[in-house]
Amino acid sequence: MEKVNFRTQVLTRHLQDNHRVAATATATAISSSPCLSYTPPEVSEQPSSFDVNSMRKLMDGHNLEDRDWLFNLMIQSRLFNPKLRGGKVFVVPDYNQSMEQQREITMKRIQYLLDHGVFEGWLTRKGFEAEMRKLALLEGGAVQFFGTKRHHDRWLGATENYLIKGCFSMTELGHGSNVRGIETITTYDSKTGEFVINTPCESAQKYWIGGAANHATHTVVFSQLNIDGKNEGVHAFITQIRDEDGNVCPNIRISDCGHKIGLNGVDNGRIWFDNVRIPRENLLNSVADVSPDGKYLSAIKDPDQRFGAFMAPLTSGRVTIAVSAIYSAKISLAIAIRYSLTRRAFSIAPNAPEVLLLDYPSHQRRLLPLLAKTYAMSFAGNYLKQLYVKRTPQLIKTIHVVSSGFKAILTWHNMRTLQECREACGGQGLKTENRIGQLKGEFDVQSTFEGDNNVLMQQVSKALLAEYVAAKRKNKPFKELGLEHMNKPCPIIPSQLTVSSARSAQFQNDIFCLRERDLLNRFAAEVSRYQAQGESKESAFIASYQLAEDLGRAFTDRAILQTFMEAENNNILSLLRSMYVLVTLDEDAAFLRYGYLTTENAATVRKEVAKLCSEIRPHALALVSSLGIPDAFLSPIAFDWVAANSWSTVQN
């Protein structure tokens, strides 16, 4: 007991001494550290060397007035749930709504935008400007592109005015990316002049059909077409699924897909067709038709070419997804970077003020390379839109390959950016009102929507291989898909990179072209080797999936870089372009794996990325301001987060 008492006395004195020291330190800290206050970055940051408005015009590319008009329409309506936080109004979702309430408010918002002319001409107007305004349209475009004048006259005006609420029934429970394998069957009854659509098994039920669960009145059904016992492949048919009162039509069954991790304002549904009869004229016949007496008619005799022509219009979906993904990345970066320009943490010297988050090199490394990539991919998105709007039959293949690669890379980039921005905002990133976490849930679907990203990248590689084989077989130069650089001598990379050479556009273009050229040669050789061992072409391609994935990324990165170089018009963009390239070299193991960079040059690249972060840092505020996102579409932590969280904002 004496030992116990002794130890107790020692511990007591120790705790009392620590308490006195802690109390003294706390008093000193409180007296020397007044309460934090918010200083707008526009006040604390130095003016940038470039004009924000000019940069925004370059970034957005087109229809700036239309964008701002739409933003203002949304801000003005209570349907978009404007809330006052910290002296500013923000347009935010109501996170307390049930799934059913979210769907109803979505319909009201659509009607509001319709009443104010947002959708005017999206389907019926022709010309370049009209095309640029309607790129966001997905389902209604099916009638326009797959159909002919008889369908346009009957359906487009009513769809544009929302008298007909359309949906797009392609995906099935058993088939998503493999559209050729869908199991819905349509036959033709020449006695009545009708098509008969049937769901033959449970795996053939249409699945994830946006708008089908509650509101759609009509759908475009993708189905195998059987004529006289012969399968003519996948075709599309307009089918009514609800009457004017919203009742499900006879021989059709519809069910809800249920709650999702995001996008619960969209009523995704499942559809079964039990021998549903529709008029012969409801076949969308831009590629093929069926005569009244049941003869199958098509100018394209080859089934593979016919299927390719039939699927070409679906490119619009990948275009809009790629562009919207980059817009989401812009929002998250604007929020996270603005927050990091006002939020402080830790001091690096006694009695010194705490350091701004974005003044830490590690924080710069987290966000500024993503900002540079977002700029690069914005230019890529603008190029993709132009390519799509100016499409010709000769460009169908190019549009398919480029849109596949861009959709995959841009949506992957968006999800990575959202996660990094969420973490960079700390606990505030968890709050739904600060939007980043909510955007993760809403945009996650894009990695698999309109084609699984991994499958799309393999399609890119397969198209490149076809170009390679054709050029080698005919002994002719490459002239498509941007492969013209392979007609030139192989680029030589400096054995020792310097600051100037690492930042030169010549080196950056050379190393991206070298990677694509070498991987295409390797991929072709590996596929050929498997075929020589008796494997089929498809089996050989599947077995070479690792090279296929590396090649798809190499093609897309090189294409993005070229769009950046074409848009580049000032010094800050040169810095961002160098950042985009060098951080790609730093992060993609392929450059070391295949020997395009030595370990010494890789170390040089890594150091240059850090230097570029410090050089881009003074321009951070101007760069996110140039993204053109109204304040109301950001979040409270992007502005006065102290006032937004003050006691006066608490709802009793």
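Here the Cβ of each residue, glycine as well, is placed from N, Cα and C on the backbone.
Assigned with DSSP, the residues of the domain 'Acyl-CoA oxidase/dehydrogenase middle' (167-276) fall into helix, strand and coil as follows: 6 helix, 52 strand, 52 coil. Among the features that TrEMBL reports, domain 'Acyl-CoA oxidase/dehydrogenase middle' is placed at 167-276.
For Thr171, Gly210, the entry in TrEMBL reads FAD binding site. Other C-beta atoms found within 10 angstroms of the C-beta of Gly210 (FAD binding site) number 20, with every protein chain shown included.
Feature annotation from TrEMBL assigns domain 'Acyl-CoA oxidase C-alpha1' to 314-465.
Annotation comment: TrEMBL describes Glu450 as active site, proton acceptor.
TrEMBL lists 512-634 with the feature domain 'Acyl-CoA oxidase C-terminal'.
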Notebook entry, point to check: Counting across all protein chains shown, how many other Cβ atoms sit within 10 Å of the Cβ of Glu450 (active site, proton acceptor)?
Noted result: 25
Check: Counting every protein chain present, what is the number of Cβ atoms, excluding its own, within 10 Å of the Cβ of Thr171 (FAD binding site)?
Finding: 21
Next item on the list: State the Cα to Cα distance, in Å, between Glu450 (active site, proton acceptor) and Thr171 (FAD binding site), rounded to an integer.
Entry: 10
Item checked: Summary of DSSP states over the domain 'Acyl-CoA oxidase C-terminal' (512-634), given as helix, strand and coil counts -> 102 helix, 0 strand, 21 coil
